[in-house]
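Colleague: My questions all concern the structure below.
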C-alpha cells in the first residue's frame, strides 16, 4: 500500500476472504436448488406449494429483512450482526438437510434466508469501512466476482449432486444443503476471530417499520401462491390484502421518519434512481423464474438429466459473468440508459424464444436461448447499478445500496411467486402435482398441458420485462 491507512494489509486480506465467503454463500443457496428442486420435492415428500416455497421462503426472508439488519449493523455493530448471521445460516442449513417433510424444510429455508439477510446487508459496509477509498474498487471487484461465482456454480453443484440417488448412504437431496455447511461454519469462525467491530451509534432503529415490511412481504407472497393453487377463497384473499396493506403502512411510516427511515423515500424524487430501481424490480420479477421452471421442463418433460440441465444454466451465468464488467466500463462512456434498456429488450426476446419450445426441444435449442438471456442480464446489471448509485447523494450511499438490493431480491421472490400462481391458473392441478412433486413420469397429455401453461407464464413475464425496459429508457442520461 503506497499510502498510510488505519488497517494493515493482512487485515484487509482477511476482510476480503470473509466477505467473499458471504458473497458466495448467499446466491449459492438460492441457485443450488434450481436444478435439484425435483429431487428435493421427491425426497422430502413436499406438495406443490411446499415445493415452490423451498426457493420462495429463502428469498422472502432475505428480501424482507435486508433493510432492518443493514440498519442494525450500522447502529449496533456490523461484526455482531454479520457473525450472528453466519451462525443462523449454518444452523438453518443443517436443519434443512435433516428435515423430514416439505413444511419443515420450508421453515428452515426461511431461517436460512434470515441469516443470509444479516450477512449480505453488512458485507458491503464492512468492505467500505476496512478498505481505503483508493482500493475499494478492487475490493468490491473481488466481492462481485464471488457473488457471480456463487450464482454460477449453484446449479452445477445441485445438478451434479442430484444426478446420484445416494451419496455415502445419505439421500442426495440432503447433500444439496450439507455441501455448504463447511463454508458457512468457516465464515462464522473467521469473522468471529478476526473482524474488528464497527463503532456503535446512539441512534434509534425503526424495528417496527422493519417488521411491517417483513410481514407485508411474507403475507403477500403466501396469499399469491396459495390463493392461485387452492382457489381464491376469502381466507387467501385476506392474506393478500393484509400483506399489501402492511406494505402500504410501511411506506407511509417511512415517509414520516426522514433520515431515520429504513427506506428513504426522498431518494425516489430522482428520476434515474426511481427508474433504475423500478427497472431492477421488473427485470428480476420477469426473469428469475426461468432457471427453476426451465429445470422442471427439461427434467420432467424432456427427460434430460440434472447434470446436463445444470450445464445449460451454466451457459446463462457465464454469459452474464463475461459481459457484466464489459458493460460496466462501457456505461462510463455512453451512459447506463442504452445498455440497460438494450439488455432488457434482449431478455424479452430470449423469453419469447423460450416460449416457442415444445415437447421435442434439444439441449442445444435450450442452451443458446439461455445464453441470450445471460447476454441481456450482463448488459443490464452493471450499468443499472452504476446509474442508481450515481443518482444517490454521497451520505445516502448505504441506504441506496440497500434499496437496490431490496428491489433485486423482492423481484426474485415475486418472480417465483407469480410464476407459481400463473402455473396454478393455467396448468391443471393434477399435472402440477405430477410434475412438481415427482410422481411417476407424466403422460403425454400432462406434458402438453405443462408446456401450454409454461407458455402462458412466459407471455406475462415478457410484458413485465418490456415494462422494465420502458422504465429504463426514461431514466435520462446517467
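Quick reminder: no glycine exception, Cβ is built from N, Cα and C everywhere.
TrEMBL: automatically predicted annotations, no manual curation.
TrEMBL lists 12-40, 52-69, 81-101, 107-128, 140-161, 173-195, 207-229, 235-252, 273-299, 305-326, 371-392, 413-436 (among others) with the feature transmembrane segment. What TrEMBL lists as domain 'Major facilitator superfamily (MFS) profile' is 15-478.
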Colleague: Need one number: mean pLDDT over the domain 'Major facilitator superfamily (MFS) profile' (15-478).
Modeller: 87
Colleague: Please identify the stretch among 12-40, 140-161, 207-229, 305-326, 371-392 with the greatest number of Cβ pairs below 8 Å relative to the transmembrane segment (107-128).
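Modeller: Per the Cβ count, the answer is 12-40.
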Colleague: Would the transmembrane segment (273-299) count as touching the transmembrane segment (413-436), i.e. at least 3 C-beta pairs under 8 angstroms with sequence separation of 6+?
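Modeller: The answer is yes, given that the two segments have at least 3 Cβ pairs within the 8 Å cut-off.
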Colleague: Could you tell me whether the transmembrane segment (173-195) and the transmembrane segment (207-229) are in contact, taking contact to mean 3+ Cβ pairs under 8 Å with a sequence separation of 6 or more?
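Modeller: They do not touch: fewer than three Cβ pairs between the two stretches lie under 8 Å.
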Colleague: Would the transmembrane segment (371-392) count as touching the transmembrane segment (273-299), if touching means at least three Cβ pairs under 8 Å and pairs must be 6 or more apart in sequence?
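Modeller: They are in contact.
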Colleague: Given pairs 6 or more apart, does the transmembrane segment (273-299) have at least three Cβ pairs under 8 Å with the transmembrane segment (235-252)?
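Modeller: Contact between the transmembrane segment (273-299) and the transmembrane segment (235-252): absent.
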Colleague: Could you check if the transmembrane segment (140-161) is in contact with the transmembrane segment (235-252), meaning 3+ Cβ pairs under 8 Å among residue pairs at least 6 apart in sequence?
Modeller: no
Colleague: Is the transmembrane segment (173-195) in contact with the transmembrane segment (12-40), using at least 3 Cβ pairs under 8 Å (sequence separation of 6 or more) as the test?
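Modeller: Result for the transmembrane segment (12-40) with the transmembrane segment (173-195) is yes.
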Colleague: Using Cβ atoms and a strict cutoff of less than 8 Å, what residues sit near the transmembrane segment (305-326) while being 6 or more residues removed from its termini?
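Modeller: Tertiary neighbours of the transmembrane segment (305-326) are 34-36, 38-39, 144, 148, 151-152, 155-160, 162-163, 291, 294-295, 298-299, 363, 366-367, 370-371, 373-375, 377-379, 381-382.
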Colleague: Residue list, the transmembrane segment (235-252) vs rest of chain: Cβ under 8 Å, 6 or more residues beyond ends.
Modeller: 209, 212-213, 215-224, 226-227, 263, 265
